[in-house]
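For reference, the structure is listed below as structure tokens.
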Amino acid sequence: MKVLQMFFCVILLCVTSVLVEAKSTTKGDETASKRNFAQFAAMTYHTTHRWPKKYVGYGCYCGLGGYGIPVDPIDECCKTHDACYKKVEDSGICSYSWAIYLTIYKRKGGAECSEDNEKCQMEVCKCDSVAAKCLGKYKDIFNEKYAGYDKKGKCDPSFTLS
């Protein structure tokens, strides 16, 4: 049942974020995925035991785009994740700017990155791992009032991520 729930969740996340065809293959205890987003969803589910879709649109930073002041520590985790991706993108270690969203990296299961990753893969995996662990740390303070949050109306756009 959990496998079916996770598969359904990954499909919903991919549709929500306009990323299509989230397929996974498993080799030993390392997982490679066709889309980085599906891997982050798997890490998040592992650390929070919550459907990752619940975090899409949470607060001012969780999901696509983010600005303003984080509403709580969970939203701060998402802001940090956005900043981590931006740092990797700005560093130029990945071959093109959208690589951070499409990079296939290897995990040791859970929210741990495999040592058998190229530099771009490893940095993207680290961003996802740190964020998933952060979300797991604060899983008990998840507040439904911040799910589906009105970013345009409630997040202060003068505090954009730069």
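Here the Cβ of each residue, glycine as well, is placed from N, Cα and C on the backbone.
Here the structure is a predicted model, which means the values were calculated and not measured.
Ca(2+) binds Y61, G63, G65 as Swiss-Prot records it, and from the list D72, D82 the residue named for this site is D82. Looking at C62, C84, the record from Swiss-Prot puts C78 in a disulfide bond with C62. Between C125 and the candidates C84, C94, C113, C155, Swiss-Prot records the disulphide bond with C113. Matching Swiss-Prot disulfide entries to the candidates C77, C120, C127 identifies the partner of C94 as C120.
The Cα of H81 (active site) lies closest to that of D128, out of the recorded positions G63, C94, C120, C125, D128.
Listed in sequence order, K126, C127, V130, A131 are the same-chain residues at least 6 apart in sequence whose CB falls under 8 Å from the CB of C84 (disulfide bond). Distance from the CA of Y61 (Ca(2+) binding site) to the CA of C78 (disulfide bond) is 5 Å. Within 10 Å of the Cα of C125 (disulfide bond), not one of the binding-site residues from the list Y61, G65, D82 places its own Cα. Proximity of C77 (disulfide bond) to non-local residues of its own chain (separation of 6 or more, Cβ distance below 8 Å) is seen for A131, C134, L135, K137, Y138, given in sequence order.
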